[in-house]
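As recorded in Swiss-Prot:
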BINDING   14, 15, 16, 17, 18, 19  NAD(+) binding site
């Protein structure tokens, strides 16, 4: 098995928004990337995505030798993984599809090469059931877009080797990611669980007429989101306790956890709520296209990363 520090060739299977984002990230880090997707328009769509992401990646800092010319789109899955030293799967979130695809990847990928799934919620235990060698299958869950958001959550399944989890975690670190290595499988992992709680509350407030989509977005971007970008919710709450820290925070505000504020059960996504949320987002876009909004988001995240000192000097171990 190639060491994480010496990987040169990465295969990306699935080239949609997430898979394409991975392709862009790995290219920017100087890897040779082979990609495969069964969609007939996969290659031009993927190359457009990479081209659109490249200015942002350039601002973030490219590794030595990084080039979009290092991308090869293959005709078959088998061609994509034939010489791969790491495989990132990013197929649609359908359990049977993931299960079958991981089994195919396991059969086609050279022995010992770690295969990671970008699944946003399925436990690897449920996906590795038909693979001949489930020991090398791990979850490597990114955040959209993978070329911009540093976080990756890594966790294995019941039949995954601990060495594969450790290898994947180290590889992602070498590839410029911020890694959480989870000891236990949790449906939805960590960050999505937290996002989901906020999302449910937001939908309830829109459904009940308590807040508009604009109100909800502003409440985060102009409020706690600014603090969370620096140190996260837990440490932010600790600061709210003053010199007493989190202990004082819990003593003072802990009882309010039992207040009937939250409605953590999912709301009924009826037509009225659906239309209200869609209309609110259209209003917030104010005529800007999705491409315009993506570019605006990317510029903003780069500036947040720069302002919080997370861009650092360019590093390249390849």
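Just so you know, glycine gets a Cβ as well, placed from its N, Cα and C.
Feature annotations (Swiss-Prot) mapped to structure.
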residue : record              : Cβ neighbours (10 Å)
14      : NAD(+) binding site : 27
15      : NAD(+) binding site : 27
16      : NAD(+) binding site : 17
17      : NAD(+) binding site : 14
18      : NAD(+) binding site : 25
19      : NAD(+) binding site : 25
Extra residues within 8 Å (Cβ to Cβ centroid of 14, 15, 16, 17, 18, 19), NAD(+): 12, 20, 21, 22, 37, 90, 91, 118
